[in-house]
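Pulled from TrEMBL, these are the features on record:
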TRANSMEM  139-164  transmembrane segment
TRANSMEM  184-205  transmembrane segment
TRANSMEM  211-228  transmembrane segment
TRANSMEM  240-260  transmembrane segment
TRANSMEM  272-294  transmembrane segment
TRANSMEM  320-340  transmembrane segment
TRANSMEM  375-395  transmembrane segment
């Protein structure tokens with residue numbers, strides 16, 4: 001879904017066509033400024049065109065929303081979301097259609113790429129605790145399912161809370177999300193988030209595993225501090241602190257806490273961190289920093305409007321992009337060294353071939369990125385998550 005800024009700005013943000021009219025003072029400079037906004041949104045035509053062309057230009061399936069840019073000044077503009085299907089349509093009388101729509105809305109609300117990443121990471125690090133074939137017992141699978149269920153409940157609490165706190169920003173950056181599009185009310189969002197948070201803690205407490213409970217508790221604290229807009233919190237406003245929150249959860253908590261859940265609680269063994277666990281933690285340290293940096297690259301416009309000082313806002317999209325690529329290539333180089341020095345032949349070949357292939361794919365795709373297209377940048381961000389999934393398939397092979 002594309003979002004286009006074509007609405008009528010109230011003062012102090014004049015209409016783009018007025019800025020570019022021959023009667024406006026300094027029209028050349030202002031026209032260039034709004035052309036820059038147009039390039040950020042990858043508009044097919046220049047934004048600086050006569051007013052009548054903007055008004056009468058046909059766009060398929062438009063949904064208009066007036067968004068407050070600065071609540072203190074009451075400045076507003078209109079975001080028009082255009083896609084192959086309308087966000088708002090006549091209610092269907094078919095219960096099956098209603099069920100499909102409800103599922104689709106919750107699917108988008110849950111941010112499925114994070115759900116998949118969480119589940120896959122827990123399975124991967126849990127396998128690191130397996131020492132012999134007999135470890136694949138009903139006890140192991142029960143402990144694994146308990147960890148996945150509790151973690152997914154907490155994952156949805158965290159991403160849901162972030163959406164509740166970012167409704168106005170998401171109307172610019174991600175208008176397809178249920179709260180930003182109006183499919184969910186704030187009350188509905190709060191109800192879902194509260195329920196999933198409570199269920200996660202309840203399950204963690206009932207299971208009785210301290211590594212699992214502490215993983216949930218620390219994720220809850222950091223996820224809440226990252227998003228919630230209260231004094232001293234909403235840490236996402238500060239680039240370094242925001243990156244550290246994601247680093248702590250994705251790089252440290254997931255690897256160590258869930259490994260210890262299986263190792264100490266399920267198997268009853270000493271909590272010793274093995275070479276594969278240390279490798280997974282180190283490698284995912286690189287990956288978590290990359291995700292923390294890259295996720296803001298497609299969102300630069302909304303972040304600028306609402307004062308989120310991300311690294312992308314401060315340094316620019318292209319510079320942050322290549323920092324991310326460099327960090328991942330460094331991580332793949334370290335993985336190659338670990339593979340080469342492995343004493344296990346099959347592990348050596350799997351590690352070397354797997355990471356060489358992933359590093360090559362990353363570099364090949366990075367060279368063709370179009371920084372003027374938000375869709376291309378967003379697609380590359382999803383590609384980063386696919387590399388994230390692939391790494392968790394390789395981690396259990398480290399020996």
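Each residue, glycine too, has its Cβ placed from N, Cα and C.
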Non-local residues, at least 6 beyond the ends, that sit with Cβ under 8 Å of the transmembrane segment (184-205): 105-106, 109, 146, 149-151, 153-154, 156-157, 160-161, 163-164, 167, 178, 212-213, 216-217, 220
Residues from the same chain, set at least six apart from the ends of the transmembrane segment (272-294), whose C-beta lies under 8 A from its own: 121, 124-125, 128, 242-243, 245-247, 249-252, 254-256, 259, 263, 311-312, 320-321, 323-324, 327-328, 330-331, 334-335, 338, 380-381, 384-385, 387-388, 391, 395-396, 398-399
For the transmembrane segment (375-395), sequence-distant contacts whose Cβ falls under 8 Å of one of its Cβ atoms, 6 or more beyond its ends: 2, 42, 113, 116-117, 120-121, 123-125, 128, 276, 279-280, 283-284, 287, 290-291, 294-295, 297-298, 317, 321, 324, 328, 335, 350-351, 354-355, 358, 361-362, 365-366, 369
Positions on the same chain near the transmembrane segment (211-228), where near means CB under 8 A and six or more residues out: 146-147, 150-151, 154, 157-158, 161-162, 164-166, 197, 200-201, 204-205, 234-236, 242, 245-246, 248-249, 253-254, 257-258, 260-261, 264-265
